[in-house]
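A.B. asks: Checked TrEMBL, it gives:
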- Lys57, Thr145, Gly146, Ser147, Asp313: FAD binding site (BINDING)
- Gly182, Ala183, Gly184, Pro185, Ile186, Gly187, Leu188, Glu189, Gly273: NAD(+) binding site (BINDING)
- Cys48-Cys53: disulfide bond (DISULFID)
- 8-332: domain 'FAD/NAD(P)-binding' (DOMAIN)
- 12-35: transmembrane segment (TRANSMEM)
Amino acid sequence: MTDLLEPDLCVVGAGAAGLSVAAVAASLGASVVLVEKGAGGGLMGGECLFNGCVPSKSVIAAAAHAHAARTGGPFGVATHEPEVDYAALRDHVRAVIAAIAPNDSVARYRAMGVTVLAEEARFVDARTMEAGAARIRARRFVLATGSRPLVPPIQGLAQTPFLTNETLFDLAERPSRLLVVGAGPIGLELAQAHRRLGAAVTLLSNGPVLPREDREVAGILAAALRAEGVDLRESVEVLGAERAGEGVRLRLRAGEGARQEHIEGSHLLVATGREPTVEGLGLEAAGIAHGPDGIAVDARLRTSNRRVYAIGDCATGGTGGLRFTHAASNHASLVVRDALFRLPAKVDPTTIPRVVYTDPEIAAVGLSEEEAFRKDKRARILRWPVAENDRAQAERSTHGLVKAFVGRDGRVLGCTIAAPHAGELIALWTLAMAKGLKARDIAGIVMPYPTYSELTKRAAVETLRPFATNPWVQRWRRLVRTLG
Ligand SMILES: Cc1cc2nc3c(=O)[nH]c(=O)nc-3n(C[C@H](O)[C@H](O)[C@H](O)COP(=O)(O)OP(=O)(O)OC[C@H]3O[C@@H](n4cnc5c(N)ncnc54)[C@H](O)[C@@H]3O)c2cc1C
Ligand SMILES: NC(=O)c1ccc[n+]([C@@H]2O[C@H](COP(=O)([O-])OP(=O)(O)OC[C@H]3O[C@@H](n4cnc5c(N)ncnc54)[C@H](O)[C@@H]3O)[C@@H](O)[C@H]2O)c1
């Protein structure tokens, strides 16, 4: 017998995006059905919890300990080459996931009043989904089915053993010689972490490091990786892959006309982007337009079917192509407003920060330098180097800079940072973007000394530099002096 469910909202996928929608909507009194195919095996939480943010940041934390053991010399602390027990590191990663998992559990969501179905959902027509024995005719549907690793069409790759973020964190032994393909956030974070954990690492990319970020800031990161011994090779074409004994061999070419060469490793990590999870959803039956980048949505996250939204990693278009956990949460709050209260709101990608958790950390929000000058020819760049920060000097962590872009009226248009804790520093610039603040609003804040936050203030104070040399200001200063 088929159960007919008629909730206010049916959410498909219990990752960062779907869980946020379900929790907020249920707390506001809406009836919610949440369909997650992994729920039967306890897999609520999606990519971020099991294969993404949480395990990668746990590995990065372990790598920071290993790095500290080698780099205490200038502080007068004896250094040593740390021994890394990769199986114990895997247990650490699993323990962190287990500590967070109860927040996302079926039990917690059922306690909130959400009906959780451990099934795979698919549309059978424009307003009905099927999930196991249930038929769901919801007032609104929210698709939050996420993404998975995009495997590039490299000759022989399919027959060659390779790792992705879905398998790397299950290894019990550290790769001795890791080849990483892709210099986006995943490749960079995991390449540096594994180098610090003692692996020989080669990082290959068909373009530059962080192709979508500021070139100066990306260059600072590239130099830092090379200084730590990562063999970073940008603008390299990977032509083929094959098994070589217990390991792998790649065939490369460093640009048009260059000679082909071979490189071998014990393990290969493919980190060349993501593709949306949309197959089997019955999108055609529901008249929902989609393409290789995902389900097409407008800035209100509506699909071509007026009853259906798509959010998080599976959506494209109005999301600005940003695939982050915090972007997914932002989408969720906008959709709940729109679906439950008809309070439409648009995604504003310029207020969604981007962080890469390397050392130095890279963070950015808003417009890039090029975009800022395209928007306002009289825009200005406010810069402050990390080396001018006393805390950075004390910690001998002096590489990097804050670089903010402001319009002729002083309003913040964007900011990009390479610095320790850049992910924390970007918060204030994000507030400035969201609220239309001027750099002088930030310049006026008192920051505690000695903190990295002073970098933010010092960059913002640069906005006042023309003021200092303004003839009227100088005239006023001279006048005040004559008054005694
Ligand atoms: C290695 C790595 C590190 C990352 N680090 C960060 C970071 O530090 N910070 C950050 O902000 N972002 C990070 N991200 C990105 C972040 O993980 C994603 O943006 C986020 O997880 C997307 O959430 P989502 O809910 O859209 O999708 P997912 O988390 O992928 O969830 C989708 C869910 O839908 C379910 N599903 C799919 N199809 C169906 C169906 N037909 N029926 C039922 N259920 C279905 C899946 O089982 C899954 O549970 C990282 C990603 C990776 C890979
Ligand atoms: N810190 C974070 O917030 C974080 C961390 C990891 C992942 N993520 C998210 O996950 C998503 C995926 O990250 P990603 O790093 O896999 O993808 P990406 O799309 O950001 O970068 C892919 C990289 O692979 C390279 N590449 C692509 N095809 C190649 C090929 N055939 N040969 C060589 N190089 C090739 C590209 O030039 C690029 O450097 C991102 O959208 C990001 O938002 C976020």
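Every residue gets a Cβ built from N, Cα and C, even glycine.
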A.B. asks: For the C-alpha pair, I'd like the distance in angstrom between Gly146 (FAD binding site) and Gly182 (NAD(+) binding site), rounded off.
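C.D. replies: Here the two Cα atoms are 20 Å apart.
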A.B. asks: Should anything in the same chain at least six residues away from the transmembrane segment (12-35) have a Cβ under 8 Å from its Cβ atoms, list it; otherwise answer none.
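C.D. replies: Non-local partners: 5, 44-49, 104, 109, 112-117, 119-121, 129, 131, 134, 136, 138, 141-146, 281, 311-314, 325, 328-329, 331-333, 335-336, 339-340.
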A.B. asks: Just how many other Cβ atoms lie inside 10 Å of the Cβ on Cys53 (disulfide bond)?
C.D. replies: 19
A.B. asks: Measuring CB to CB from Lys57 (FAD binding site), give everything in the same chain under 8 Å that is also at least six residues away in sequence.
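C.D. replies: Once residues fewer than 6 apart are set aside, Lys57 (FAD binding site) is near Tyr357.
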A.B. asks: Counting only residues 6+ away in sequence within the same chain, which have a CB under 8 Å from the CB of Ile186 (NAD(+) binding site)?
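C.D. replies: Sequence-distant Cβ neighbours: Ser56, Asn165, Ala271.
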A.B. asks: List the other residues in this chain whose Cβ sits within 8 Å of the Cβ centroid of the NAD(+) site residues Gly182, Ala183, Gly184, Pro185, Ile186, Gly187, Leu188, Glu189, Gly273, in sequence order.
C.D. replies: Val180, Leu190, Ala271
A.B. asks: Out of Cys48, Leu188, which of the recorded positions has the smallest number of neighbouring Cβ atoms within 10 Å?
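C.D. replies: Relative to the other recorded positions in Cys48, Leu188, Cys48 has the fewest Cβ atoms within 10 Å.
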A.B. asks: Where Cys48 (disulfide bond) and Asp313 (FAD binding site) are concerned, what is their Cα separation in Å, rounded?
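C.D. replies: Rounded to a whole number, the Cα-Cα distance is 11 Å.
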